[in-house]
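S.K.: Below you will find the structure I want to go over with you.
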Amino acid sequence: MNRILDIVNKINITGTVTSNENMAKHTTFKCGGKAEIFIEAGNPQDIVEIKKVSKENDIPLFILGGGANILVSDLGIPGITLSLNRLDSVEFLDNCVIAESGISVNNLCSLALNRSLSGLEFINGMPGTIGGAVWMNARCYGDEISNIFLWAEYIDQDGNLQKIHKNSSHWDYKISPFQNNDSIITRIALQLKPGTKESIKDIMDKNSRDRRDKGHFKYPCAGSVFKNNREFGFPSGKIIEDAGLKGQIKGGAQISTFHGNIIVNLGDATASDINYLIDKTIDVVKNKTGYILEPEVLKVGIWE
């Protein structure tokens, strides 16, 4: 038996455990290798137990949300991949929503819409979970998560449950206080405000149309590949387009013809195909403009 699987089977968790899980089923790029051990946490205590056992046994641990904004290596992910997707409970207290980190962004947006609560319109249509959106301080349409963030509960590197309240010094453009440590977000509180269902839906529909027009939904992708840098004076998509890279193909991957900052899986792309286009884009843009693009897609697993 796999050593890690043997260790995991000896602890008391409610979640499901599988080995050699195909990660293409769990990412928006729809490609990549296998997770050595794949666990879907059934409750926050499962996370505590897995965190503890991984630390005690020196087992690599990767936390998976909705699978957006990640590129899993064709060689797979060693150790334990812990999915939080089953942690999806939500409660509304006055104009505040308190959500477990595994609920999808779109489901949370729908629940807020049904209660005529405004504040989540800017992330409607975004793939992934609300935990992932908080982790990356998701930003689009002139707004960002930090503007509505109240507090979060998380499990620290020692397996203890902690709580953090908003401190503006911890947040920046696509930066959150969770990115530079091994903490695992379990629950989040966001401040919303009353609105009319009609106006909220109009903005959500407008944003969804914009994403569709940019090709976000035509092929598997991770949305924007590179962060925008205000110092460049132009969005990364425009810079990539001006560098003549739109439509470039490597294997089954393509720099989208709809938007320069999106790489799509045309059907049979490997993670290596996508990574090649990421590296090529960085090199070409640097050589032509001097700008150094910063990826917001995270490479996960074994990369040669």
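From the backbone N, Cα and C atoms, a Cβ is placed for every residue, glycine too.
Feature annotation from TrEMBL assigns domain 'FAD-binding PCMH-type' to 30-195. Positions annotated as active site, proton donor by TrEMBL: S224. Under the heading active site, TrEMBL lists E296.
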S.K.: Return the residue, from the listed active-site residues S224, E296, with the maximum count of other C-beta atoms within 10 angstroms of its C-beta.
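M.R.: Compared across S224, E296, the most Cβ atoms within 10 Å surround S224.
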S.K.: Can you grab the distance from E296 (active site) over to S224 (active site, proton donor)? Cα atoms, rounded to a whole Å.
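M.R.: Taking the Cα atoms only, E296 (active site) lies 7 Å from S224 (active site, proton donor).
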